[in-house]
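Per Swiss-Prot, the features are as follows:
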type   : residues : note
REPEAT : 96-124   : repeat 'LRR 1'
REPEAT : 179-203  : repeat 'LRR 2'
REPEAT : 204-230  : repeat 'LRR 3'
REPEAT : 231-265  : repeat 'LRR 4'
REPEAT : 266-291  : repeat 'LRR 5'
REPEAT : 292-323  : repeat 'LRR 6'
REPEAT : 324-347  : repeat 'LRR 7'
REPEAT : 348-375  : repeat 'LRR 8'
REPEAT : 376-400  : repeat 'LRR 9'
């Protein structure tokens, strides 16, 4: 597609920025609608001086950096902070007094806002403010602190983010003038004391999403519990990679109890992910009992569950709004999945996605689950890869999926008959059986995206895939 030639206004903006002729007095008289395009152009041309002047005189209540420019370089980032700094130090702000918020979060974040928040978040693009905003601007005192939004990540002490390091040092010195607001926080295997010092000047009630990756250290995870308790509006929690021995010391038992009891305080929690966490075994009953708010998504991956853990799913807890369930990598080989079947029946009316990949189920497990699976009529996605299911059992399931018409993504394991004694795929049999199963499915209902996949190849770690259009993807060893 041929792009439209630049307008005279575009050319004027480029020239103005390129020659760096914008002065403070010019900015004070500049039409407010010119600020966003000039800001974008100054970022494109990497003109920090112009950026600083535009920020200092920003005429809108919100400066959404993340919507205007994608990942500013370090020089531009520093210029934005310098502009904010100059704005904060101004004694009188007749025009500039409108600025209430500087937001570095990216466009993806703003795309997820609801309509009301989105309208407020895009005030810098319109010529007039909502009446409610105008009234509030006159009623607020000048002592109100500026809010600066930025997601924070402490995932690696070896590769620190220069932008974030600068921001934290800058914000720490200006806590009397601004609030550093973080809605998405990631904490990895860094020094606990370092992160705790940062948490002290954040507003915990603003944090909505938290990822904790303590890389095997249970005591580190437990030390964060007092801070997490204060995150009363936390909606999404991810506990990742905490592993150790199956024999707990007294101190470890106390830490586990402290972590599990935390869930009683998270009354807004809607999305929970527990990935590769060793202490979860025999703790599911207490954890689920502690949940106050109804979960929308529950993801438990690479964890070892006991029979009592599985039974706890079918007991009383707040699952009335559950739409997404993932048990990927949870080995069910030696467990009775009847409680899981009963649980799936109870959430069938709402469940939209189900991921049971690599649960190591066989025909007996699948036969047990089948009556529940066919009742999940709202499913849009199902993943059953890496389960040892025969052709007959899989065909029986597909034949009974008439009511699963909402499915848009279906991933099924290649039947056990496609493997030889060494568990390698026999390509001709793979293609033949998968083709027959696909035809059986098409006789039952119209499918959107269906794929039969083998287990990963021992040599290249890729799958054989048979898709609904008849396309066959061989593992790299066969190509």
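Counting begins at 1 with the first residue displayed.
Glycine is treated like the rest: Cβ placed from N, Cα and C.
Per-residue confidence over the repeat 'LRR 6' (292-323) averages out at a pLDDT of 94. Taking H, G and I as helix, E and B as strand and the rest as coil, DSSP gives the repeat 'LRR 3' (204-230) the counts 14 helix, 5 strand, 8 coil. Applying DSSP to the repeat 'LRR 2' (179-203) sorts its residues as follows: 8 helix, 7 strand, 10 coil. Helix, strand and coil content of the repeat 'LRR 9' (376-400), in residues and according to DSSP, is 9 helix, 3 strand, 13 coil.
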